[in-house]
Amino acid sequence: MASHSNKGKGIAEGSSQPQSQPQPQPHQPQSPPNPPALSRYESQKRRDWNTFCQYLRNQQPPVHISQCGSNHILDFLQYLDQFGKTKVHIHGCVFFGQVEPAGQCNCPLKQAWGSLDALIGRLRAAFEENGGLPERNPFAGGGIRVFLREVRDSQAKARGVPYKKRKKRKKRNPMKSHDGEDGTTGTSSSSNLAS
C-alpha cells in the first residue's frame, strides 16, 4: 500500500527514483526541428523578395515573376522612393550641391543610392535562389545598372558628396616583389637600366 502513495508523490515532485513500470505515453507527432536562425542578410533578402513578389501581384493585371522585366523593377524602385529618408535637392533648390545645407527646403525624400544598390543585390541573389536562371535574371540587366549609376551620380551632385569608388587592393605576389640587395625592388624600369 505504501508503494502506491509514494509512486504518485515521486512523479509530482520530480523524483529521480526509477519507477517500477513506465506508463505508456500516447504517441504525439513530433514537430520538425526548428531551422537554424537566418542571418540578418538572409532575413532581409527574404523580406525584400516577398515585398517585390507582392508588388508584382498587386499590379493590374498581376505579373508573374517569370514575366518580370527591367521595367517592372524600375517601377518598383521608383515606388520605393515614397518611403525614402534621404533628402535629394532638385536643380532649382538653393541648397543644391551643398554638403550641409543651412536651412530647410521642400525637396523630396528618396531612397539613398546605396540602399537601392544593396536591395538590387539581394533581389538578384533571391531570384536565382528561387529557381531563376542566372542568364535570365532581370535584376542583373544593363538597364538596372544604368539606372543605379544615374541615381548615384545625381544624388552625389544634389547632395554635394562626390561618389568615390573604392580602389581594389592589388594582391601582393611574393615572386614579383622580392627585394634586391641594394634595397630596390626586383622590378626593373628604364631608369634603372640606364644607370
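Just so you know, the numbers here start at 1 and follow the chain as drawn.
Cβ atoms are placed via backbone N, Cα and C, with glycine included.
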If I go by Swiss-Prot, the feature motif 'Nuclear localization signal' sits on one of 5-9, 15-19, 165-169. Which?
165-169
Per DSSP, how many helix, strand and coil residues does the domain 'ALOG' (40-167) have?
76 helix, 4 strand, 48 coil
